[in-house]
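In what follows, a single structure is set out as structure tokens and then discussed.
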Amino acid sequence: MESFLDDTFDVKAKHAPDEALEKWRKLCGVVKNPKRRFRFTANISKRSEAAAMRRTNQEKLRIAVLVSKAAFQFISSVSPSDYTVPPEVKAAGFDICADELGSIVEGHDVKKLRFHGGVNGIAQKLCTSTNDGLPKDADALNRRQELFGINKFAESESKSFWVFVWEALHDMTLMILAVCAFVSLIVGIATEGWPKGAHDGLGIVASIMLVVFVTATSDYRQSLQFKDLDKEKKKISIQVTRNGFRQKMSIYELLPGDIVHLAIGDQVPADGLFVSGFSVLIDESSLTGESEPVMVGAETPFLLSGTKVQDGSCKMLITTVGMRTQWGKLMATLSEGGDDETPLQVKLNGVATIIGKIGLFFAVITFAVLVQGLVVRKWKDGSHVDWSAEEAMEMLEYFAIAVTIVVVAVPEGLPLAVTLSLAFAMKKMMNDKALVRHLAACETMGSATTICSDKTGTLTTNHMTVVKSCICMSVREVGNPSKFANMKSELHDSALKLLLQSIFNNTGGEVVMSKEGKREILGTPTEAAILEFGLSLGGDFQAEREAVKLVKLEPFNSTKKRMGAVVELPVDGGRLRAHSKGASEISGYTCIGIVGIKDPVRPGVKESVAVCHAAGIAVRMVTGDNINTAKAIARECGILTSDGVAIEGPVFREKSQAELLELIPKIQVMARSSPLDKHTLVKHLRTTFDDVVAVTGDGTNDAPALHEADIGLAMGIAGTEVAKESADVIILDDNFSTIVTVAKWGRSVYINIQKFVQFQLTVNVVALVVNFSSACMTGSAPLTAVQLLWVNMIMDTLGALALATEPPNNALMKRPPVGRKGHFITNVMWRNILGQSFYQFLIIWKLQASGKSMFELEGSDSDLVLNTIIFNSFVFCQVFNEISSREMESINVFKGMLNNYVFVMVLVATVAFQIIIIEFLGTFANTTHLTSHQWGACVLIGFIGMPIAAILKLVPV
């Protein structure tokens, strides 16, 4: 089975081609309810629509750029465009409408932009300031929102509970059973009258409604969980200036007229115009599919929503928001496309298909055997020509039993149990500071064999402070105010002035005043540490920025590993001065100073690395930092061992393919690495060594490695939007210990699904074999349609709730990872399934053969009592087997059981409802009252399955 599943029902965890997704859908032959089975799968047609929209956008923008260039060349000879401000816009106090703004930016219309007075003219017409942003007036902001719209895209409405009920009713087998119930009601009432003749039909109807409502409730709860997770995914903040203050705001609160600050890795939150900035390079591939980045500046100031800042930084004026932008329309389409189905979902769809076909075969044979028995009996009686209503009802019951065998045999709940387990895990991981963006990441992380981790912010705290400095060849320890005062007095004025000029101009950070009037430092932890150092020396950020003119700024990125600024000095006729900051070993400049910045190792990292090693997960550090720093931190964390290799990126690049094959397994630290080095390492680990690789990253340049990895882990605090979008999981607290928690949850998901599969396949096997063999041997089936529907609910919806939501334990991290080629249905599972199935079949067969004598049953109701005992024993076998399935190899199955309240509630509900069915609903469920002795025997039969399961676990496989 496993090899067939690998060949036929196998998709990639990431970036699976549409052909592969379509292939497995076509192979799912026996599907009871397509609406439910394929609910959590990708909508390929919607994705095609999105791709077509991207192609249209690409063509539109290409034409717009060409027109814009032509217009720019002949702008002086073109007459101004005619534009009349709509009355409602004029009445609201604005001089330009949303449609005109949209046509300017989306159409790259230089002519219209020039007509409206350029960027400053547009700002005036929008009643905003490019320095102070929008005023705080709430009424004015509301009017602006009513006129120009909100920065949100249209989303499909949430399904109500009744929609899930309607979808559950689309189960083909339930519909057939409903028809059977209707016919049974008509025939029964006609022959036996009301209410006696309605019992069988109403019993089936009640069972169908119970199954439908329990299924719908479970599915509805899942949808609410996914809705909550979607809200978390969409929490994106950006730096905005409003009312003169720089502040963080949600992108969904942005309005036309807002002034937004963009830096490398940011996603452009709405359509707008470039106000000021340096070296801005925009990646428009998400919107247009075009891979070549676009330069944006004063001459081409158009910024489109959804594109990404690849290099540089700038201020932008928001002009168009939400569904008025092409990105809004594209996202509305993409949101209907859904997530790719996960490998486990696809594989279990394969299992359901195989078992479903087997079940269908057995159902047809069972029906044929039962009908044959009836026909042979009538033939012997000589009544084969005359058919009574009772015999017609008997035939209908046989058909209902056959259909119900299909209900039980097709494990529709298998792929949905994956979704249930993933939804549960994702919700819990949110509490553990990990936001899962893609479903597949949960289960893939459970198979991880390697973690390639950043150093800064992941292994270290990312709270940086300057602790040592070397200025004018004088080395000083710094850290408290008195030492800063001494340093300031010892430094020459010209040296201090040059140092502060460099610190406050050659920076990607800023010093601003908050609404509360407090000083705030904005920027990366490194920038913040250096700015804090400058302020402690008595520097004034605004004064230093105003003292010179910033001509050019080259932001820091992973390729250059340094930052540069060119300033125009107010003396010597506007002489230029270049400042550089970054890697100390790159030179050609006059050294102003060197600062030592301390970033301590996070508490608990060493222990977490040890947990990874015990779990068979290799941890490698990949950093752009100096090799000596990297080695020291790696040793402190327990990553670099005596037999491990630390290597620099440039040396790694020079290695031949043969050398890499020998070297890569030993690499524990890679320093001075470029994004390409990281990508190459990950690719080799995945393809050459078949590792399942998790990679951390926080910057734009990490995107290729995050995309290449099996699991991309973006840092939530320090990460850019580009890194987050390329990632599968966002680590919200940037902590390596949280990554280990994600791995533990991933393993938990995988193991929980295995437990559920083991439990459900056991019920499938027993129900099929019992009803088939009984039909062949005795001409009747011991389990009726109503009883089989109840068993189906125990093993499907309730079983999934109980076993697929088991929380993780520390023992999960003391076993080796499954890896890329591990079998899902293992030999251990087959041992447990076949052993438990054999016991249950043996017991039921023994009860059928000798039950009457064992329980001393006599009289007209002896068959009914015996069938009730068989049904009750069968259900209690499943109850105790559910407990045994909590552990596939460990004998102690009770450990931690009471901590899982869902599991306990499911068990209690199952037993309680079983008592109600037996004692109070006998008329509808074909059961009768049992004595305490008979109840005790049924419970004992079920319980004996537990020590048998424990003995089975001692059998080596």
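From the backbone N, Cα and C atoms, a Cβ is placed for every residue, glycine too.
Per TrEMBL, the feature domain 'Cation-transporting P-type ATPase N-terminal' maps to 114-189. The transmembrane segment annotation in TrEMBL covers 168-190, 202-220, 354-375, 395-425, 901-922, 934-955.
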Test of understanding: applying the rule of at least three C-beta pairs under 8 Å (pairs 6 or more apart in sequence), is the transmembrane segment (354-375) touching the transmembrane segment (202-220)?
no
Calculate the per-residue pLDDT averaged over the domain 'Cation-transporting P-type ATPase N-terminal' (114-189) and state the result as an integer.
86
Looking at the transmembrane segment (168-190) and the transmembrane segment (934-955), are there 3+ C-beta pairs under 8 A, with each pair at least 6 apart in sequence?
no
What does the DSSP secondary structure composition of the domain 'Cation-transporting P-type ATPase N-terminal' (114-189) look like, as residue counts for helix, strand and coil?
47 helix, 3 strand, 26 coil
Apart from its near flanks, which chain residues at least 6 from the ends of the transmembrane segment (395-425) lie with a Cβ under 8 angstroms of it?
30-33, 36-37, 39-40, 171, 173-174, 176-177, 180-181, 183-184, 187, 200, 204, 218-219, 222, 225-226, 229, 342, 344-346, 348-349, 351-352, 355-356, 358-360, 362-364, 366-367, 370-371, 374, 436, 439, 442-443, 745-746, 748-749, 752-753, 756-757, 760-761, 763-764, 767-768, 771-772, 781, 783-785, 788-789, 791-792, 795-797, 799-801, 803-805
